[in-house]
Every structure is written in structure tokens, then in C-alpha cells.
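Structure, as C-alpha cells:
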């Protein structure tokens, strides 16, 4: 390489110390004949790749926060340990991305100042460990939580236009150190190679919007109505799930449907409970320690009424919102008990909201009796049958005969040539594309997607035209009067052209200035 223009001794020392762990001045360095070798360049390339790798993982970490409560529940069922693992994920990710970012910035500054890129061996080991940790995280995600790859695809519809602007900006800033390196190196082949790679990357980025699609790129007058809200187990961020308090909090959030799970006690009383065991949402280990591991259906109604179904919510704080509860809400939460289906139906009838439920466990040997007992409670409750949304697939035809007014919700996509009028489907949000949602809407098929907690996801589904969403965060989505962003195609086209032109001019300026 040619001799660099260099920078002041103090700057060289400040940059070399954290990167190379060497307290030397630029003048001493030149006397020692230190230069950036091909080996050093390979480590810089590895550093750049690790930075991109951790940046992609940071994006994934933010995306999967929508579904992280499911992961917390999964860990509790496996280890009987409750912890908000999303905090662990975010802290670990922040440390990794900060470390690789600082090293990359130091390397770029050293290149601009004409200093050698002598990465210390400790940093090399830590970078390898960082790459291995992130690779392990992606592998675990692919094995245990593969549906999140679909979530990432949907997220690109919400973030694609802005990611494009960010990546173009980052690559544009990279023109300065790249120009500095190209003007210093004597290797013509390396110069040509780097220029070709950089130009190819920038051309691809400039044309990337041709492949970016988002349902929120539309005219204001084309925006579908706001999706109705379905309270997932009520309002679980504001009250203990599947309790009457949770139902009432959901009503305050303007939900139209209270979604819950029903089980039947040993003496034939349907009650609200999601888990097959009572350990997560009650104090069964303290009241019935020898029976705590039994299935919820093994307890009779008298036993179930002795359990506290609210204190766990205050102790474990399943959501950060628990900390902001008022003293009155805390007092009410501590008094919650397991409600029967009859109590829930009465509350839904008084609040004039619908109730949608699954009947669990579907593999129980006495499941047909569960269906009959549940239907009997519904018919005796006096609630208008059109307010009851039936999810279970088992013995559905019997239900249609005994309670013809009940609305049936199907956990599948429509069948080929299916012509059932007023079809309602209930699916994970990952299972339907924006194109399918639009088609179902045109065919007058009601689509409810679950579980939608983040505003960005709600915005994408709103623009797509979904009928309703099941959510834990009804208090957040209630306040949304408009999708997070909505751009007419002409406006997006103008932004695209302006960003690309400004980027191109800055790159030309960088190469001229550095020369």
C-alpha cells in the first residue's frame, strides 16, 4: 500500500488502543513498518459479516416479540420456571450488536485515518463466539419456532420500504472508507474487484423497490375498515387471563369478542382454563400439592373454587403492563377465582359482546360428554346464540343440530368448491397472505387472525383487509385510529427516486473528495 495521509497522533492512539490494543503513535507505527496485510483484510471482512449477521438477528428479535409470550408459556410448562425471556433476548442481542458495531466503526475510522487494521486476538475470539451464538440462535429458531420465518416475511411488508432507505444510506456512507482504501492500494485487480462488487450492490439496491410489495402502499380511500378486536383470554395484559376481570377489561377496550378456553370439571361443570394443568395460573401447588400435576379436568368444581386465579398475575408479571396497574386493579386481580362458563356467558350477555371458545382437551376419552354439557349450559344461559362462536371441530354436526343458532368458526382455510354461506375462519396470522385475505374479503368470508399484539403487524393486516384479530394488547390496538403508515404508490415512487438520486450524488462526491 502507499503511505497513508494519516491523522494526528492522539487520534491514531485512541483508535488503535481499543481495536489493536496497541498504545503507539502514528509516527512510531510508520517506523515499525506496520501495514494492513491481506490477513488483516480478511479479518475486517469477517467483522463486517458478523456485524450484518447480528443486525439481521436484531431484526428477527424485534419481530418475534409479538409472539414471545407463547415462548414464556412453553418454558414454564417444560421447566416450571417463569421469566420474561424477551428481556434476556433483547439484552443479549443489544450486547452483541453493540460490540460488533463499535469494532466496525473503529475499523472504518482507522481506514480513513490511514492506520493499519491489526485486530487483536481477543477480538478475533469474541467475534467467532458472536457468530456462533447468533448461528445457534437462528438454528434454534428454525427447529423449535419455525413459524417465525413466516412472521419475518410478513414483517418485510411493514418495514420493506424503510429498510430499503436504511440500507441505501448505510451503503452510501460506506463509499468514504471504500474510496480511501481503493486510492491507497497498489493492486489493480483488488481495486477493480471491490468497485465491481460495490457497484453491483448499489444497482441492486437502487432497483430493489421493484420487488418490494406492501398492502399499505395504497390510496387513503382504498383503506379497508379497521379490524374488530377479539380479546385473547380477555385482556391478559390488564388482568389475569380467563377471569371475569379480564372479560370486563376487554369490554373497556371495545373488543367485540371475548376469546377463551373451556374445560369441564370432574363433576361436569364447564369452566374457563387454557392450560391442561393448573400450576401456571392458580395456586394449586399450595392448596393441593399432591394433585398439582393432575389434569385440570380431574378436579371437581368445589376444589376449583378454592383456588386463587389472580395472585400469580401480580407475582409473576407476565406482561410489563402489570407494573402500571392501579391499586384498585391490583386488589381486584388478587381476588379473582376460576369462573364457570355459566358466569362468563352471563357477563358476556350483560356486556353485549360475543364469546368464542375452544373446548379442551380434544383428545379426552369423554369429549362427547364435554360437548353435550357445554351445549346444555349455553342453551340454559339465555344468551342469544348468535353471540356464541363455536371453535371445536369435534362433534360439530351434533352442535349444529342441537343449537342451530350458534356461529361456527373453522380453524382451517376454505375447502375447494366450499359454498357454506357466511363462512368464518380463525387462523394464525402467519398462515394467510395479504392476497388470500383480500380474496376472502371479496368472497364475503370473515377472517380472524391470532395472536396480533404489535402495531406494525396490526397495520399490515388492517391494510390487507382482515375482518378481526385476536390480541393480548387490546388497550394498545384500541387507540390506533390509522395504520402506522400508509403511502400512495405515487408518493412511494417519488421517495424511491429521490433517495436513489441523492445516494448516487453522495457516492460520486465521496470518491472525488477522497481522491
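A Cβ is built for glycine as well, from the same backbone N, Cα and C atoms used for every other residue.
Since we're looking at a predicted model, the values are computed, not measured.
What TrEMBL records for this protein:
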TRANSMEM  41-65  transmembrane segment
TRANSMEM  85-113  transmembrane segment
TRANSMEM  125-143  transmembrane segment
TRANSMEM  163-183  transmembrane segment
TRANSMEM  190-212  transmembrane segment
DOMAIN    227-481  domain 'GP-PDE'
TRANSMEM  493-514  transmembrane segment
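For the domain 'GP-PDE' (227-481), the predicted model reports an average pLDDT of 96. Between the transmembrane segment (125-143) and the stretches 85-113, 190-212, 493-514, the greatest number of Cβ pairs separated by less than 8 Å involves 85-113. Each of 41-65, 85-113, 163-183, 493-514 was scored by its Cβ pairs under 8 Å to the transmembrane segment (190-212), and the highest score goes to 163-183.
Within its own chain, the transmembrane segment (41-65) is flanked in space by residues 71, 86, 89-90, 93-94, 96-97, 100-101, 103-104, 107, 117, 119, 124, 127, 130-131, 134-135, 137-138, 141, 145, 148, 151-152, 155, 454, which lie at least six positions past its ends and keep a Cβ under 8 Å from the stretch.
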